[in-house]
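Listed features, source TrEMBL:
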| type | residues | note |
| --- | --- | --- |
| ACT_SITE | Asp242 | active site, proton donor |
| BINDING | Arg51, Gly52, Ala53, Arg94, Gln201, Asn252, Lys253 | substrate binding site |
| SITE | Cys162 | site 'Transition state stabilizer' |
Amino acid sequence: MPVDVIQSVKLDDEKNALILLDQTLLPNEKVFLELTKVEGIWDAIYELKVRGAPAIGIAAAYGVYLGTKMSKAENYDQLYEDFKKVKDYFATSRPTAVNLFWALDRMEARFKKEAGKTAVEVKQALKEEADLIRAEDEKVCEAIGRYALSLLKPGMGLLTHCNAGTIATAKYGTALAPIYLGQQQGYNFKVYADETRPLLQGARLTAWELQEAGVDVTLICDNMASIVMKEGKIQAVLVGCDRVAANGDAANKIGTSGVAILAKHYNIPFYVCAPLSTVDLNCNTGADIHIELRPGEEITKKWYEKPMAPEGVKTYNPAFDVTDNELITAIITENGIAYPPYTESLPKMFKKE
Ligand code: MRU
């Protein structure tokens, strides 16, 4: 299946439904959920049926539109009260990816821009804004792909962690975008995908979507990243991101920082691909980023019929970790490539808009 065909988040406005590719069932089943209730959309975000920072933002934008559309409020102020409730509700779904809050704030800004309009007009404006967020993400990912590709050479071996691919965004992905663009141009990358415990986004999602697109992909367990680097199979690491702090510290899927430490050891460039919607200049450092803690059952019970660990064992399951900025060779945005010191280069990326 070419990358263009997979659409993990879309709106069916006539049915008042958000259509989500259920990412928890991949690669075994390709099921599209038709969600009409805000509670169902909230659950889908929490349970990672829709996941990946940009896709979470797009889903929440459509969710807040659909929730507001259901409101019976007849005037602007009453509608705003209902909008605010739905917005605040979605803000509780997942804490780390700043794209969720960015998208919700953007929807609120659009609501406020429509002050004085009728409820029908405001609802239409919210749909337009959610559509824009989606359409812009596609362009943003393509631009990230072009900048990232400029750092790579044909035939390179690339390592990626988690899934920052087309299904995590509107299209192309962030870290996988240069791989797709490179493939169109005959770069013949050899991609290594970390399986990404505990939820296996690398095995279930990255390996699946790259294989579907005909990319040369090899799946490895997380603890094999070091050996493939040592054996000279990897010339660059590309990862996505959930939140970049002002100093360049970057939160991404648990295990990313370990990969960055290995890359430093083996002198391999480590690139973080991040749309500006993922850059949070209000967070000074990674220490300010809220790391999501998830249920221990994801570690002990998830993938086998029988428990994978002794009953009652204590668990610790942070879903993300923070890669220190000094381990990051560059942060690739839609407006260009930011190099250290990030406190200087990241604000310049926003000024280019
Ligand atoms: O918990 P997830 O699967 O939502 O985590 C996703 C990641 O860590 C991705 O790398 C990140 O969101 C970037 S997606 C373009």
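Yeah, the Cβs are placed from backbone N, Cα and C, and that goes for glycine too.
This view paints the features noted in TrEMBL onto the structure.
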{"residue": "Arg51", "record": "substrate binding site", "CB count, 10 Å": "25"}
{"residue": "Gly52", "record": "substrate binding site", "CB count, 10 Å": "30"}
{"residue": "Ala53", "record": "substrate binding site", "CB count, 10 Å": "29"}
{"residue": "Arg94", "record": "substrate binding site", "CB count, 10 Å": "23"}
{"residue": "Cys162", "record": "site 'Transition state stabilizer'", "CB count, 10 Å": "30"}
{"residue": "Gln201", "record": "substrate binding site", "CB count, 10 Å": "27"}
{"residue": "Asp242", "record": "active site, proton donor", "CB count, 10 Å": "31"}
{"residue": "Asn252", "record": "substrate binding site", "CB count, 10 Å": "30"}
{"residue": "Lys253", "record": "substrate binding site", "CB count, 10 Å": "27"}
In whole Å, how far does the CA atom of Arg94 (substrate binding site) lie from that of Asp242 (active site, proton donor)?
11
Whole-number Å value of the largest CA-CA distance among Arg51, Gly52, Ala53, Arg94, Gln201, Asn252, Lys253, listed as substrate-binding:
17
In the three-state scheme derived from DSSP, which category covers Ala53 (substrate binding site)?
helix
Extra residues within 8 Å (Cβ to Cβ centroid of Arg51, Gly52, Ala53, Arg94, Gln201, Asn252, Lys253), substrate
Leu48, Ile56, Ala97, Cys162, Asn163, Ala164, Ala168, Gly240, Asp242, Ala319, Phe320
Calculate the distance in Å between the alpha carbons (Cα) of Arg51 (substrate binding site) and Asp242 (active site, proton donor), and round it to a whole number.
11
Cα distance (Å, whole number) from Lys253 (substrate binding site) to the residue listed as 'active site, proton donor':
8
Between Lys253 (substrate binding site) and Cys162 (site 'Transition state stabilizer'), what C-alpha distance do you get in Å?
6
The residue listed as 'active site, proton donor', DSSP three-state class -> coil
Please report how many Å separate the Cα atom of Asn252 (substrate binding site) from that of Cys162 (site 'Transition state stabilizer'), as a whole number.
9
